[in-house]
């Protein structure tokens, strides 16, 4: 088989399964609206949970940072790319979340890959929730450690793995809020079991940070848990991009020595770190935005419970409506788009086979009438 045949067959498999991914060009998007071509859509596919991507103070901080520091960092943080804005942001994050250290990464994907591959050796094991993000599962699979997955959000399933012998160290991996189902992990139970077995817990709280807890401190704070490793990302509630790993001092120093994604990647622009400091202030002061988001979630769930579709058991901004069939999910997504609503159909392999869905995400930027319009069109599709 030639390279051309290999590529052609791989593409055809996705088409045959109604799982072919495409990108849509848009002219601008935020928590509420998306502009594509000549049309404006109500945006129910964004992770901009607090609407901060268009916040005036955040934008001004980026602009001021760019004028002061330029538009790029100029190198790895180990060479010339680590500036005062980076150091200040790391300290502010550590103080806010109650850890000695924070390390910045260019993305949550990079952070997860770096931590799992740098910390583990061949005699270690990684025990991961089956529905953990692709970045976690891929990093675990590529790490030298043995990977075992436990049933989603089932502490007893984790316990069955923890009691098995391991020559090295155990790292348990989960998410605070799961990106496709919107449900939350039982973090207190997972941490208790992990600690009792002498292991460490890593929580990726990409979809919980900024949204849950006092000052938006996230899922771990809400559940009274401090994992050994906390990954927070800035592409959701913060309205920007990038990530940070929160940990103890020796762990941070170890990652600085061994985390290749830190050592060999250009650091985020200092201007971005300036904008993230402004976004952090907005998150900390964002109780009104979080309350507004919760109101939109309750409004949607109360009415969506009467739809003839399976509504996920989510109390978060991620509200999946299970369709099952790949093609049907695409048809409904197109019909919603024709009605001026941007809703994304999520299909395997992103989610398990037979669980194609409309993944609806809500934002504090949405207005009550936006939710009413979405529900009106959904009712029309189902009846």
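Quick reminder: no glycine exception, Cβ is built from N, Cα and C everywhere.
As the structure is a computational prediction, the values presented were derived from the model and not from experiment.
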Which of these, 83, 179, 184, 265, does Swiss-Prot list as part of the pyridoxal 5'-phosphate site with 108, 109, 207, 233?
179
Separation of alpha carbons, residue 21 (substrate binding site) and residue 236 (N6-(pyridoxal phosphate)lysine) (Å):
22
Are there residues of the same chain, six or more positions away from residue 233 (pyridoxal 5'-phosphate binding site), whose CB falls under 8 angstroms from its CB, and which are they?
107, 108, 111, 204, 206, 209, 242, 243
So, three-state DSSP: helix, strand or coil for residue 233 (pyridoxal 5'-phosphate binding site)?
strand
Whole-number answer please: how many Å between the C-alpha atoms of residue 179 (pyridoxal 5'-phosphate binding site) and residue 21 (substrate binding site)?
18
Rounded to a whole number of Å, the separation of the Cα atoms of residue 133 (substrate binding site) and residue 109 (pyridoxal 5'-phosphate binding site) comes to 9
